[in-house]
Amino acid sequence: MISADTMRIVVGIVGNVIALGLFFSPLPTFIRIWKKKSVEEFSVIPYVATLLNCMLWMLYGLPIVHPNSTLVLTINCAGTAIEICYVILYLIFSDGPKRLKALLLFFGDLAFVAVVAIIVLIFFHTHDRRSLVVGILCVIFCIIMYLAPLSVMKMVIQTKSVEYMPLSISVASFLNGLCWTIYALIRFDLYITIPNGLGLLFSITQLILHALYYKSTRKQIAERKLRGEVGLTDVVIDNSTKESSIISSQKNEATTSNE
């Protein structure tokens, strides 16, 4: 008979692997941004929200805050490093108001976590108190992280297109939420159960939107490509017509001169 602790460790390890996949799931998006040298309509909010969430959970998992949380600490250290890379890339390939917004949110994340860490370590002297304060903040901001894609979901419904809500991220969010909810329920941890349970519901909603608008998204992309081809044809025909007119005019001038 497998003990609850063993099951929890196994599920936690699987959760780490899935969470790592979630952190890497925006890679296709950033490869696209890198190639196009533009962030287009992609929002920075999901990435700064995830960064803030990872840094808070990293603080929560520290032995001086919540002992015996190695699995929580390791995955969130990795997540913090990955999300910082994403935000830096976003800053490089954005401009104007988008870059300013991303910069303010990025430094706001860093400042907030630094202030929380200083307050918790100086004014709270027991593991229970520190876990309580940081745990509550983790719940709040983890929920915010899962709510961050709501702006994208709103755009999906308005445009009937999931082009800017990558399926890979939605699937990874679903698996991550499912795994960590199970992890939290094996040996009940309220701080992990609440945000991941809600995250599971939000990711299911995203998958439903993908199912509803997949065909309309393909249709819109195909129509854009077709309009691009027609536009190019028009330019070629227009240039050819101009060239023919110039040649004809030159011939007429030559004929007049000979006469």
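FYI, residue positions are counted from 1 along the chain as it appears here.
Each Cβ is built from the backbone N, Cα and C atoms, and glycine gets one as well.
Annotation source TrEMBL lists transmembrane segment at 6-24 (among others). Taking Cβ pairs closer than 8 Å, the transmembrane segment (6-24) reaches residues 50, 71, 74-75, 78-79, 82-83, 169, 172-173, 175-176, 179-180, 182-183, 186-187 in its own chain, all 6 or more past its ends.
For 44-65 (among others), the entry in TrEMBL reads transmembrane segment.
Counting same-chain residues at least six beyond the ends of the transmembrane segment (71-92), those with a Cβ under 8 angstroms from any Cβ of the stretch are 9, 12-13, 15-16, 19-20, 23-24, 26, 30, 33-34, 39, 42, 44, 47-48, 50-51, 54-55, 57-58, 60-62, 99, 102-103, 106, 192. Annotated transmembrane segment per TrEMBL: 71-92 (among others), in sequence order.
Listed as Cβ neighbours of the transmembrane segment (104-126) (distance under 8 Å, sequence separation of 6 or more from its ends, same chain) are residues 44-45, 48, 51-52, 55-56, 59, 64-65, 87, 91, 133-134, 137. Here TrEMBL flags 104-126 (among others) as transmembrane segment.
Annotation source TrEMBL lists transmembrane segment at 132-152 (among others).
The transmembrane segment feature in TrEMBL is assigned to 164-186 (among others). Same-chain residues lying 6 or more positions outside the transmembrane segment (164-186) and placing a CB less than 8 Å from one of its CB atoms are 4, 7-8, 11-12, 14-15, 18-19, 21-22, 25-26, 28-29, 40-42, 46, 146, 149, 152-153, 155-156, 192-193, 196-197, 199-200, 202-204, 206-207, 209-210.
What TrEMBL records for 192-214 (among others) is transmembrane segment.
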Six or more residues out from either end of the transmembrane segment (44-65), which same-chain residues have a Cβ under 8 Å from its Cβ atoms?
23, 26, 72-74, 76-77, 79-80, 83-84, 86-87, 90, 94, 98, 101-102, 105-106, 108-110, 112-113, 116-117, 120-121, 127, 130-131, 134-135, 137-138, 141-142, 144-145, 148-149, 151-152, 169, 191
Lying 6 or more residues past either end of the transmembrane segment (192-214) yet within Cβ distance under 8 Å of it, the residues of that chain are 72, 138-139, 142-143, 145-147, 149-150, 153, 156-157, 160-162, 165, 167, 170-171, 173-174, 176-178, 180-181, 183-185
